[in-house]
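Per TrEMBL, these features apply:
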- 608-623: compositional bias 'Polar residues' (COMPBIAS)
- 664-686: compositional bias 'Basic and acidic residues' (COMPBIAS)
- 25-218: domain 'MacB-like periplasmic core' (DOMAIN)
- 730-847: domain 'ABC3 transporter permease C-terminal' (DOMAIN)
- 1133-1233: domain 'ABC3 transporter permease C-terminal' (DOMAIN)
- 605-686: region 'Disordered' (REGION)
- 730-751: transmembrane segment (TRANSMEM)
- 778-803: transmembrane segment (TRANSMEM)
- 823-846: transmembrane segment (TRANSMEM)
- 898-918: transmembrane segment (TRANSMEM)
- 1127-1149: transmembrane segment (TRANSMEM)
- 1183-1204: transmembrane segment (TRANSMEM)
- 1224-1242: transmembrane segment (TRANSMEM)
Amino acid sequence: MKKALHKEFWMEIRRSKARFISIFLIVALGVAFFSGIQAASPDMRYSGDAYYDESRLMDLKVMGTMGLTDEDVKALSKVEGVETAEGAYAADVLCDDSEAAVVLHVESINKEVNKISPSQGRIPEKSGECFLDREFASSRGYKVGDTITVTQEEGSDLLKKESFTITGIGSSPLYISFSRGNTTLGSGEVNGFMYVLPEDFDQEVYTQIYLQIHEAEDLISYTDAYDNLVDKIEERVEGIQDVQCQARYDEILSDAQKEIDDAEKELADGKKEAQEELSDARQQLKDAREELDSGRQEYEDGVRQLEDAREELSDARQQIADAKEQVADGWSQLESAKAQAESGYAELASAKEQLDSGWAQLNAAQEQADGGYAQLNAAKEQLQAGRKEIQSAKKLLDQRQQEVTNGLAQIQQGREQLNVQETQLKENREQCQSGLSAVAAGEAQLLEAQNQLSAAQADLAARQAAYEEAAASQSYSEEELAAMAAQLAAYEQEVNAQAAALETQKQTLAAQRSELEASLSQIDAGLSQIQQSREELTQTESQLNAGQTEITQGYGELEKRQAQISSAKEEIQRNQASLDAAQAELDANRRTLNASQAQYDAGMAEYQSGQEQIAQSEATLSQSEEEIRENEQKLNDGEEEIRENEQTLADAKKELDDGEKEWEEGRRDYQEGRKEAQEEIAEGEQKLADAKKELEDLEKPEWILSTRADLPEYSDYGDNADRIRNIGQVFPVLFFLVAALISLTTMTRMVEEQRTQIGTMKALGYGKYDIASKYLNYAFLATVGGSVFGVLIGQKILPYIIIQAYGIMYHNMASSMQIHYELRYALIASVAAVVCTIGATLFSCYKELAETPASLMRPPAPKEGKRVLIERVTFIWKHLNFSWKSTLRNLFRYKKRLFMTIFGIAGSMALLLVGYGLQDSIMDIALRQYEDLQHYEGMIIDDEDAEEEERRELLSYLDENEKIDHYTRVQLTSMTVPTGKSNLSVYVYVPENVENFSEDVTLQDRVTKETYTLTDEGAAVSEKTAVMNDLDVGDMLTIEKDNQEYQVKIAVITENYMGHYIYMTPRVYEETFGEKPDYADIVFSMKEGYEEDLEKTGEEILTYPAALSVSYTASIADQLERMLSSLGAVIVVLIVSAGMLAFVVLYNLNNINITERQRELATLKVLGFYDQEVSMYVFRENVLLTMIGVAAGAVLGIFLHRYVITTVEVDAVMFGRVIRPLSFVYSALFTCGFSAVVNMAMHFKLKKIDMVESLKSVE
């Protein structure tokens, strides 16, 4: 490059910094996103592998059905390719937490493999110390130094101790996330792990042996090379399995046979000893029986003799009893007579009291009656006096009433007279007032006449003065003066006459006024007097009315007193009748008392006679009682003798009964001993038989091999890395294409803009290569710089963000994060960017350099204006103003810019929509799967070795549990479906009760939401399973079971997200596989309100032997949500990156648009457009293009989202296919927001356009 061109090159970069930086950033964004997302997947694998290597995670684990020995460890360590083999002990125990019983997986600490990492404290060094799970310790509040107590399963003593001191808290490479596996204890889930020293286990054999493979550390986990190496060593381990299992079998068989032989010898010795002891016991029982029979005979003879004596004594006792009875009857009769006498005397005394009381009452009543008669006579006299008083008062009131009546009449007459006088006075007063009015009118006329008189008198004086002046002036003749004097005298006489008449009239009017005013005063005095008289009448009337009121009240009082007298008269009459009746009753009572007194006297005489007879009877009865007492003493002496004999017999009977009891106890002891001996012998024989049968049925032990893939969350981590890889294969490609296309457009426009400069340089003699090298180097420097920057930033930041996001769930990985530069992806992105940009620049340069310098130095002819389609729609076009018409014409005039802008905005909108759509499709699948589609809350796995009775006990518990809503026995078997390249693992689900199937599982179409029922027409297949096999309803699905293929018709295809399911009725299963289903599992759901008791119910279920384990859909859903939440952080990265790209794309396209149209915009400024109007001239086009681009991007995003979703899915998971409306809104708002921000930034650039420079001639 020549020196001038070299300088021009750097000057061009300086002049067009915005364009250079935009290309640099757009390429950097595209390369960073493409290479960064692509590198995230291998970096995740590197980070995981680094952690596994650092912690020396096992490559293979061997478990044996009968345990593993040191010989097995030695044999495994000798397998080719095995670097380390180390045995370990393990057990699941319960930890009594304050809230609930939780399960801990206890394992012995290994020296070489599975190194634990303490985050607090240290690794245990002596017996009784333990290392605790960090997550478990955090959730349960354990700290270093605390003591943790565990409880072993009943009948299991795998640990020597149950209390341990926590010396360390941290992590284990066997558990890289939150899941800790399943167990048969507690709720069925392991809640945490604990490590102790091997000597704390009380086990003779190892639970498992961990293997590390030679050269495996040099390979990367989750790669085919590593998996192939592990598979190869696994085959070698399986090669020695038979030999080691046979040795273990022989060892167990030999030990068991020796134990059986020892037990048979011990049983034979026990039989002989038992027979000898039982024979001695039989002889002792026989001798004791003979002695008891002899004593029993002697006792019975004594009893008979005692009974005879009792009979004689009983007869004598009966005679005495008869005598006593007779005496008692006598005493009874005597007492009865006494009682009767006393009762009669009491009656007499009571009668005496009654008589006395009756006489007293009678006398008192007589006195009361006499007093009543006296009061009655006095009341009669008062009544007569009251009557006279009333008559006198009535007469007085009648007189006063007459006076009041006459007074009121006189007052009424006076009022009428006053009214007549008042009327006459008022008429006179009106006449006086009329006269006064007339006088006033005359006075007014008089006043007016007086005024006229005054004027006449003034005129007369003026005339007199004029006459005197005329006479004095001597200007007039005497005749004239005489005539004037005569006129003056006549006029004076007339004035004087008028004055006299006025005076007379004045006097007359004054006299009239005085007379009228005096009359008016008299009239007013008369009216006042009338008013005073009327008030006096009113006062008198009030006095009369008050008197009338008193009179009326007096009449009322008289009537009341008259009524009282009447009432008193009636009361007197009633009292008279009462007194008469009371007197008659007193007379009758007096007669009754006289008769009662006579009866009392007779009764008293009879009582005294009876007292004498009672005294005689008492003496006779006392003599009879004395005789009876003497006979009773004789009988008592005989009874004492009998009692002594009875005691002797009782002692003898007690001895016999004790002997019988002892003999019976001896007999029972003998029978129980014989039975116990027989049972023990039978039990021993049964145990021997069972042991022999068990020994005969003893199966050869087997090894169970597992790899890292069987560890909790290990495969999920690899699956997540695969998801990132799948996203990196699709999403960044479109991202990069948009960026590359915009870079290509930018360079193309740059070359087209500088055609004048190219023509000038060509005219000056510069060669085509020299001219083109400027633009090629410009594009190369911007592209390579952006690529290098994008690789350096993208392959460090994006993998770091993604791995950190997954570190939320896989927390152990953060400490061993490995981020490498992946040159493969860096070169792919960088070369693609350089090729696109350089190729477009080269093509543009070739096109321009093909023209002559003269044509290049002239601006290109403007494109021919064409009518746009909307111009033909006249009723719309004619209503548009100039700005909108020019906007529409400009849009379709520059079609290249139109399509590039729409494509850039649509691409950005599509990328944003895909980011939000991924979030919509992925985040809700756990909720959809385990709430909307699979409704059961728990699953019970049946123990294959359980007895039928144990299974019935479990079902009985489920039936009686009030918290369980329903349960269904099902067969859930894992089978495979051939898919061509590989086999697909599917679950065949067969419910025992098809009628209740819809309570546990909903079959529906994902798109139409049409629900299906499980019928005998065929199987219901999950959607992903059908899609992967390219099958539809009515097709036959091939299922592989036990290396044999079967076919079933697809009846319906149902929505499903997690795993692959094939649902069949029992009949379809039997027709397909030729056997009846084995319902080895149970699904169940809790009643509403008891959901929180799910795990407690699971713990109760696990206490039944038929239940091997319990799993909960809520736990699976939580685990899935945790895993997908990490993917959500990755999706946020995608959305942010898409937003950044959208901003840069819009900025770049707008910048190109303004640069290309600088002359046009300058012309608008010259024509007087304001800055705001110029900006709107451009922004109208941007707004329309943004709206079109958003609409196109929404359509493109739907198809791109569908493609990305189907690409990033793994085989066992189907993501959703729906984008929520809100995601469209968010994407559109972000795109429009970026467009608005870019427009604001461009506004300032438009303001800085120099009109003079822009409009200079290019000639």
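Backbone N, Cα and C atoms are what each Cβ position is placed from, and that goes for glycine too.
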Chain residues in Cβ proximity to the transmembrane segment (1224-1242) (below 8 Å; excluding those fewer than six residues from its ends, i.e. six or more beyond):
905, 908-909, 912-913, 916, 1139, 1142-1143, 1146-1147, 1150-1151, 1154, 1175, 1178-1179, 1182-1183, 1186, 1189-1190, 1193-1194, 1197
Please indicate, using numbers and ranges, the residues of the same chain that are 6 or more beyond the transmembrane segment (898-918) and have a C-beta under 8 Å from a C-beta there.
727, 731, 734-735, 737-738, 741-742, 745, 891-892, 1131, 1134-1135, 1138-1139, 1141-1142, 1145-1146, 1149, 1153, 1182, 1185-1186, 1188-1190, 1192-1194, 1196-1198, 1200-1201, 1204-1205, 1208, 1215, 1219-1220, 1223-1224, 1226-1228, 1230-1231, 1234-1235
For the transmembrane segment (1183-1204), distant same-chain residues with Cβ under 8 A (at least six beyond the ends):
727, 730-731, 734, 887, 891, 898, 901-914, 917-918, 921, 1146, 1217, 1219, 1224, 1227-1228, 1231-1232, 1235
Reported mean pLDDT - the domain 'ABC3 transporter permease C-terminal' (1133-1233):
81
Please list, for the domain 'ABC3 transporter permease C-terminal' (730-847), how many residues fall into helix, strand and coil according to DSSP.
104 helix, 0 strand, 14 coil
What are the DSSP helix/strand/coil residue counts across the compositional bias 'Basic and acidic residues' (664-686)?
23 helix, 0 strand, 0 coil
Across the domain 'ABC3 transporter permease C-terminal' (1133-1233), what are the DSSP residue counts per state (helix, strand, coil)?
84 helix, 1 strand, 16 coil
